[in-house]
Each structure stands twice: as C-alpha cells, then as structure tokens.
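These notes concern the structure reproduced below.
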Amino acid sequence: MNTIKIAVAGADGRMGRMLVEAVGESGDLALSGALGLAGSAGIGQDAAAFLGKPLGVVVTADLAEGLAGADVLIDFTRPEGTLKHLEYCAAHGVKLVIGTTGFDDAGKAAIAAAAEKTAIVFAPNMSVGVNVTLKLLELAAKSLATGYDIEIIEAHHRHKVDAPSGTALKMGEVIADALGRDLKECAVYGREGVTGERDPSTIGFATVRGGDIIGDHTVLFAGTGERIEISHKSSSRAGYAQGSLRAARFLADKQTGLFDMFDVLSLNG
Ligand SMILES: NC(=O)C1=CN([C@@H]2O[C@H](COP(=O)(O)OP(=O)(O)OC[C@H]3O[C@@H](n4cnc5c(N)ncnc54)[C@H](OP(=O)(O)O)[C@@H]3O)[C@@H](O)[C@H]2O)C=CC1
Ligand SMILES: O=C(O)C1=N[C@H](C(=O)O)C[C@H](O)C1
C-alpha cells in the first residue's frame, strides 16, 4: 500500500498537534507539510518540536510550500482559514478532511462547490462515538416524535470561539430531519426574560463554556413522567484525530465528491 502524504493546517493548534502526533505514529501515513497562521509562534519551527521528536517538516504560512506533494490536507482551523486553503486545494487537486466548525451557509456552499473539483470529508465531529450517537438520536427522535420536548446541551473549554458547537448543530439537524422539521425554523438558541411557555415544536440549545472541557453533548427528550438523555463525553482529542486519519484513508480512491463521517464509517442507511 502507498503511503498517504498528509499536510496539517493549524499545525500548532490543539487539534493540529494531535494530528501531527497521530500521523507520525500511524505507520501508513506521512506528514508532508504543516500550515500555520502568518505571524504565529509556530511558524519556522518543526511541526513535531513539541513532541521532542522532530519530523523534519517545518510549519509555514506559504500554501504552496505547506501543500507541496500532499495527497490530503487535514484542516482544523477557523472558517476563514479553511476557505482559503479550500480554494488552493481545489485548484491543485489536494483532497481535504475538514474538521473546522462555525461556517455560515456561504462557507458550506463554497465547500460543496469545491467538492466538484476535489474529494472532501467535512464533518463537525470525527469521533466514532459521536457519529454512532447521531444514529441513536435519529432512532430516538422518530420514536419520541410527540409528547417529548427536545433540548440539546453542550459544554466545551474556555477557548472555543463558536456556539453552539458544530456537533450540537448537527445533532439538531439529524433530529429535525427525523421529525420532518426545518432546524432553521424550529431552533431556539438560549432563553432569557419572560419567554412564555415552551413551544413543543422547538428544539432548544444551551451552551456551557469553561475550563478544559474537551466536548460534552447531551440531548434531552423531556416527556411527562419521564425523560431520556442521550450523552456523549470526550475525555481526549485523540478520537477526533483518529477519525480524521480514517477520513484521509477513505479519500484514497476518491477523486471528487463531498462526504461526511457517516460515509467514512459506513453509517448511512
Ligand atoms: N470535527 C471535529 O472532530 C473537531 C472539530 N474541531 C474544530 O476545529 C477547529 C480548531 O479547533 P482547535 O484545534 O481547538 O483550535 P485552536 O485555536 O487550538 O487551533 C486552530 C489553529 O488554526 C490556526 N488559525 C486560526 N485562524 C486561522 C486562519 N485564519 N488561517 C489559518 N490558520 C488559522 C491557529 O493559529 P493561531 O494559534 O496562531 O491562532 C491554530 O494553529 C474549531 O473550529 C473546532 O470547533 C475541534 C475538535 C474536533
Ligand atoms: O472546539 C472544539 O473543541 C470542538 N469542536 C467541535 C464542535 O464544534 O462540535 C467538535 C468537538 O465537540 C470539539
């Protein structure tokens, strides 16, 4: 089997570092490049310097340099960074695994358009556990379609910049789809003041930010006399990194197309 050459964007970030380490330990993947934000402390340093085991790949802000020879770019940055990388990758046939969250509709449309030129896996959560949880939610929502109020509660570390999390929004989409609702019309993002009684057709979101919480998601189905809670809690970012590597391997025989982790993990159907 050919070694898959991986470039990592946001190489000096929380996820970027996990990915550099995971690629280095994988056996079947090789780090070919590392991108960082111009002016960041990591620029010019070996991407694996933080491990004390340099890999000979220097973090650069130059896309041509960072993406030279790459088969796949794994990108966990910010929407504006990902969209810049996306344009370059689509033009140069580099495949993409996008874990970044917080895109608006125009950003998502740009990713879909780029997938006509290169192959992309785009998912707000790469962990196997979260994606299986999404399947459980589909079943729960269909079975609890009436008489249960649905609330999605997520908690993350103090550094997270987008809310609700991409995962929470995906959970809302999966549930809304299962119930034949449109999340844009039924989502309620936080409550304050005299809100009136709860509208049963809504899906509520609540966001907690603090400390070093890696990522907790709970969906509450609150009925009369009982409530069901479906929760996933991450205690490490390793699952996100391993899922991303699975996504990169999945892309090996794809030339174009937009995929998600259901495709990677064969969870469709
Ligand atoms: N899909 C999934 O499974 C997961 C998704 N995520 C998502 O991944 C993203 C990154 O998370 P995390 O690693 O915690 O964040 P960090 O802030 O730790 O890392 C982000 C990295 O991207 C760099 N960066 C910031 N802005 C730009 C830009 N405009 N262009 C290029 N690079 C940029 C940062 O540089 P600098 O440090 O200099 O600012 C940093 O190196 C978030 O959107 C998060 O929600 C996170 C975990 C799992
Ligand atoms: O920013 C994070 O940390 C995470 N972001 C993703 C999200 O927004 O859902 C995935 C995970 O929850 C960690």
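For all residues, glycine too, the Cβ spot is worked out from N, Cα and C.
On a predicted model such as this, the values are computed, not experimentally measured, just so you know.
TrEMBL lists 4-126 with the feature domain 'Dihydrodipicolinate reductase N-terminal'.
In the three-state DSSP scheme, GLY10 (NAD(+) binding site) falls into the coil class. Listed in sequence order, GLY16, LEU35, GLY36, LEU37, ASP75, PHE76, THR77, GLY81 are the same-chain residues six or more apart from GLY10 (NAD(+) binding site) with CB atoms under 8 A from its CB. The feature NAD(+) binding site is assigned by TrEMBL to GLY10, ALA11, ASP12, GLY13, ARG14, MET15, GLY99, THR100, THR101, ALA123, PRO124, ASN125, MET126.
DSSP assigns LYS53 (NADP(+) binding site) to coil, not to a helix or a strand. The annotation NADP(+) binding site is assigned in TrEMBL to LYS53.
Look at TrEMBL and you will find 129-265 tagged as domain 'Dihydrodipicolinate reductase C-terminal'.
Feature annotation from TrEMBL assigns active site, proton donor/acceptor to HIS156. Within 10 Å of the C-beta atom of HIS156 (active site, proton donor/acceptor) sit 25 other C-beta atoms, taking all shown protein chains into account.
The feature (S)-2,3,4,5-tetrahydrodipicolinate binding site is assigned by TrEMBL to HIS157, GLY166, THR167. In the three-state DSSP scheme, GLY166 ((S)-2,3,4,5-tetrahydrodipicolinate binding site) falls into the helix class.
For LYS160, the entry in TrEMBL reads active site, proton donor. Look at LYS160 (active site, proton donor): DSSP puts it in coil.
Along the domain 'Dihydrodipicolinate reductase N-terminal' (4-126), the predicted structure has mean pLDDT 98.
A Cβ distance below 6 Å to any atom of ligand 1 is met, among the recorded positions GLY99, HIS156, HIS157, THR167, by GLY99. Cβ neighbours within 10 Å of MET126 (NAD(+) binding site), excluding its own Cβ and spanning all shown chains: 28.
Just so you know, the Cβ of GLY99 (NAD(+) binding site) picks up 26 other Cβ atoms within 10 Å once every protein chain is counted.
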